[in-house]
Amino acid sequence: MTHPRLTLPAPAKLNLMLHILGRRADGYHELQTLFQFLDYGDELDFALRQDGEIRLHTEIEGVPHDSNLIVKAARKLQDLSGTALGADIWLRKVLPMGGGIGGGSSDAATTLLGLNHLWNTGIDVDRLAALGLGLGADVPVFVRGHAAFAEGVGEILTPVEPEEPWYLVLIPQVSVSTAEIFSDPLLTRDSLPIKVRPVPKGNSRNDCEAVVSRRYPEVLNALNSLKKFTEARLTGTGSCVFGAFPSKAEADKVSHLLAETLTGFVAKGSNISMLHRTLQNLSQETSAIHS
Ligand SMILES: C[C@](O)(CO)[C@H](O)COP(=O)(O)OP(=O)(O)OC[C@H]1O[C@@H](n2ccc(N)nc2=O)[C@H](O)[C@@H]1O
Ligand SMILES: Nc1ncnc2c1ncn2[C@@H]1O[C@H](COP(=O)(O)OP(=O)(O)OP(=O)(O)O)[C@@H](O)[C@H]1O
């Protein structure tokens, strides 16, 4: 018997600001950052397997099957839930890797929520977010699915409601390793803590920008090109940079003007992630069928 596939999005995120407050004994950095989602991302298909196997059918160059965050997330959920079920998984990769827009983390979060639904394990979002943190600092915000001010290493989340503008995201053709940026001796690590409210405006600073711009001239070039039109910021540890616009038309216009030398995409900012909007629709459809 073939099972129906569950198709779910894995949206990108932006860090609208990112301050580094210090370094912990384990080497991880204490941050303050503001996460917002984009209506743009990867897509995953899930189908049940009765034999307990986890099989990802889409290869990502340079990432072995068992190291893929999708496979790791699925196995962690199997262990936690004790289920005997498995899954076939397909990925449509859209998000650039090492782009600072959280592609791998979002794929992992979509896997946790998708398989939790498919396997009917009943594990709550708090436990899924804690499980996700073991896969990466950015996974919990994708599991919770609400724009958030994040503290700690990114896991202490306070939901916030920033404006939802249109963004132009430029993708410099370099992959930035997060670990490499966090280990740079020149990184600013002594920013003073700020209060969650009022929500910091989208155009406040990212403490990684100076180090990333120095190491990657392509990123500096993208920032300078975008700054001719609007405030430009790095997201996460890069490589992507973004600017906010009041309408899609204005973001598209700048995108076209830069298109000869820079690739990118235009997407709406959202405070409820596409993944969570899709899951909400799914549960409404299910309860309509059963009522
Ligand atoms: C910079 C951000 O993108 C902001 O959203 C994230 O904090 C990074 O999250 P991520 O990509 O999920 O990062 P992880 O896979 O957890 O960590 C990669 C590496 O970055 C460094 N790292 C990461 C997060 C953090 N708060 N401090 C760190 O020092 C560590 O060396 C770690 O080994
Ligand atoms: N499903 C996956 N998608 C992308 N990368 C993955 C995946 N699984 C494992 N990886 C590994 O994780 C690394 C980081 O990928 P990712 O796309 O999350 O980077 P990023 O956008 O810089 O993330 P962040 O914003 O969280 O720092 C990749 O270079 C790759 O080696």
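Cβ coordinates come from backbone N, Cα and C, glycine included.
Automatic prediction, not curation, is the source of TrEMBL annotations.
Feature annotations, courtesy of TrEMBL:
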ACT_SITE  K13  active site
ACT_SITE  D138  active site
BINDING   P96, M97, G98, G99, G100, I101, G102, G103, G104, S105, S106  ATP binding site
DOMAIN    68-145  domain 'GHMP kinase N-terminal'
DOMAIN    205-256  domain 'GHMP kinase C-terminal'
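Listed in sequence order, the residues A12, L95, G236 complete the 8 Å Cβ shell around the ATP site centroid, once P96, M97, G98, G99, G100, I101, G102, G103, G104, S105, S106 themselves are left out. The most densely surrounded of the binding-site residues P96, G98, G100, G104, judged by C-beta neighbours within 10 angstroms, is G100. Among the recorded positions K13, P96, G104, D138, the residues whose Cβ lies under 6 Å from any atom of ligand 1 are, in sequence order, D138.
Secondary structure from DSSP puts G104 (ATP binding site) in a helix. A Cβ distance below 6 Å to any atom of ligand 2 is met, among the recorded positions K13, P96, G98, G100, S106, by G98, G100. Note: the domain 'GHMP kinase C-terminal' (205-256) comprises 27 helix, 8 strand, 17 coil (DSSP; helix = H, G, I, strand = E, B). Counting in whole angstrom, P96 (ATP binding site) lies 12 from K13 (active site) by their C-alpha atoms. Counting only the Cα atoms, the space from G102 (ATP binding site) to K13 (active site) is about 6 angstrom. Note: S106 (ATP binding site) has non-local neighbours A10, P11, A12, K13, G41, D42, L95, D138, F142, L275, i.e. same-chain residues 6+ apart with C-beta under 8 A of its own C-beta.
G98 (ATP binding site) falls outside any helix or strand according to DSSP and counts as coil.
Mean model confidence for the domain 'GHMP kinase N-terminal' (68-145) is a pLDDT of 97. Neighbours of G102 (ATP binding site), defined as other CB atoms within 10 A of its CB across all chains, total 29. In this structure, K13 (active site) is part of a beta strand by DSSP. Using a 10 Å Cβ-Cβ cutoff, K13 (active site) registers 27 neighbours.
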